[in-house]
């Protein structure tokens, strides 16, 4: 039974290795292109449709490389605190991606390019800040070693690429004063410059094992860029494409096309691998509106026009790009690569076989670990103890050390494996259990916490209190000054104590003196509503009302129609005429010497001839029964008209 089980396990390992080494269209992961954006890795199929995203927990992704032998993607995060380079693998059972730290951060690295050697399982990367190219194995915790040091010569390594079959490393030197494309053996020997002329700022570079050529991006002067290629020794240099208004970073090559990421347009572009213009160094410059100094021959068309194709629009700035090439299947019979492919396959199969055998032998221990030790704890059968991972404790690793550790903050495990709290604004202490305002403000002061973490909290003091913590009682301080002022009248008392001393003097004037300041009324708030102001205001209002009344009355008198004046003339004589029986003194005109004429304008002013205004007889008759209105009608009896 053991032999049968062992044979089945070996067969399973071989089948698994075969699946890992199948071409792109047969992979269970079903992606063909992977692009790093700023905060994620985006996977796309052959038609550039997004099928998955991963690495969302990272903040500043940049470089990217791919190991087809084990389906591992290696990428860099510029802002991660602990790690510099990470690996990403698809979990077929859980259908998700698992990211693990591969290279720890040792300083302020700035990775420009990444490359992987599947034979020795080494990662190579360029550091644009230190101006060096490093390498380190993906397993273990070995310190990265320097393969190429360009700092002394002022170089700036950018893109890197590994020629797996010929065991060489290629890189671009983007130093604008002396740009180059160079190579070196993977053991650090035989460094060679293969391109050093007619180049401005080379960026990404890739080795095409199918055509045995190099492809790189050159960020030309001005707004131009180009994609060029040459043989692996630098000969047969060709310009595949020259265009403008792009800011390309990295590129990838398939069997028939070139793909590159563009930061300006946030897109991935493609162009056939067929070159458009061949470059030499002995011909006249190309006649076009360009600011670079590259010498070109007359354009020699190599094929039909091949326009650019924008294959993918991205939501963020595009950076690294890798493509699945089916390297291990297509190069099995290549005379340069056959031996390397065979060795890689053997290593993968052997590695998986050892893994399966070890799993079989440790199966019982694994069960014990799962049942006995929680949270990934390691079970020690000899001592029957659990070795807990960082962040857990207890006999079975069941207690999370950060659980309820920080009262007002976030808990993280420190480098020394101790829980550490990062407090919220306004709190402090080892466990963020103390408020920065606790006991700070005295005497009822209100504590204010600024949003700026570097600014200390402040106190807003109530009335009659001051100081940074409201610890100064103005009443007590001023009472001391005012008591001393009682004995030393010339002593200076702060101005703010005046009102306080007045209040204290009302209760205890024997011991309290009120300071008198010259021109104190200038400093005090003026009293507006005094008695004189009120009197003047009232007089002004009354005068204004009287003036308005006079004006209104005058206007009414001016526009009121005049009443007509009634004039009556009466002739009075002493002797009546004898020749007329009907003559009476009131009807006969008197003689010239014996008569007078009375002109009556207003009965109310009958004082001219001392003649009464009313007829006496009628007055006597109607006195008892006439009203005031009837009196007006008897103002002179026998008048020709009724005046009223």
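A Cβ is built for glycine as well, from the same backbone N, Cα and C atoms used for every other residue.
Since this is a predicted model, take the numbers as computed values, not measurements.
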Item to complete: With Swiss-Prot as the source, identify the stretch among 490-510, 511-531, 532-552 annotated transmembrane segment.
Response: 532-552
Worksheet, complete the sentence: Between the ranges 280-301, 302-323, 324-345, 346-367, Swiss-Prot assigns region 'Disordered' to 280-301
Response to the item:
Rounded Cα distance, in Å, between residue 459 (disulfide bond) and residue 437 (disulfide bond) is 9
Response to the item:
DSSP, reduced to three states, assigns residue 447 (disulfide bond) to strand
Discussion item. Are there residues at least six beyond either end of the domain 'EGF-like 1' (398-430) with Cβ under 8 Å to its Cβ atoms? List them, or say none.
Written reply: 374-375, 390-392, 436-437, 449, 451, 453, 457
Worksheet item: Reported as an integer number of Å, what is the Cα distance between residue 447 (disulfide bond) and residue 441 (disulfide bond)?
Response: 6
Worksheet entry | Candidate nearest residue 82 (N-linked glycosylation site) in space, where candidates are the disulfide-bonded residues 402, 441, 461 and distance is Cα-Cα | 402
Worksheet item: Which has the fewest other CB atoms in a 10 Å radius around its CB: 421, 437, the listed disulfide-bonded residues?
Response: 437
